[in-house]
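Here's the structure, in structure tokens; my notes come after.
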């Protein structure tokens, strides 16, 4: 917003994370005693909707058109279709299974970004583009929701967040290996890049 430009940022992470949030909200609604899943991901979905809106405002015309198309298909048509189909043709147990599987699928997909970041760290031998705070949040978030999944015997939540816990742990190990004291040069732009590439929806 300060630069009034989306620069080289990609719209897809925001669009997919918004869809991911929708699916987890639906899962939390149809599954009994899952109000935490619905409310937390509802908050996350609202934030992602704000991010997508900002992206649409400041993106150049061609990128704005692509973003609007992806938003319309993935964040409007698909979730509405998924809800209508499952509500009309599926019983409650099947609704839980379908929404849980879709949530799991999109959650795992969002973890592609941390993997690419880790590859960059190893190849450059620098944690410049992997902010410690995001790695730590990924670790804590994955750990907390994995424990929740074990206690509630919910593997739709456990599998993606268990993956997040493993990735977060790996990132912290890489940070310990490749961290070097900062020089006088500011790295605020790199932190901004880290927020773009990390998977902070972490859905649950």
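Any Cβ shown, glycine's included, is placed from N, Cα and C.
Taken verbatim from TrEMBL:
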- 12-29: transmembrane segment (TRANSMEM)
- 35-58: transmembrane segment (TRANSMEM)
- 65-89: transmembrane segment (TRANSMEM)
- 101-122: transmembrane segment (TRANSMEM)
- 129-151: transmembrane segment (TRANSMEM)
- 157-178: transmembrane segment (TRANSMEM)
Take the transmembrane segment (12-29) and find every residue of the same chain, 6 or more past its ends, with a Cβ under 8 Å from one of its Cβ atoms. 35-39, 41-42, 44-45, 48-49, 51-52, 55, 67, 70-71, 74-75, 78-79, 82-83, 96, 99-100, 102-103, 106-107, 109-110, 113, 156, 196-197, 199-201, 203-204
Other same-chain positions with a Cβ less than 8 Å from the transmembrane segment (157-178) and lying at least 6 residues past its termini are 37, 103-104, 107-108, 111, 114-115, 117-118, 121-122, 125-127, 130, 132, 135-143, 145-146, 148-150, 199, 202-204
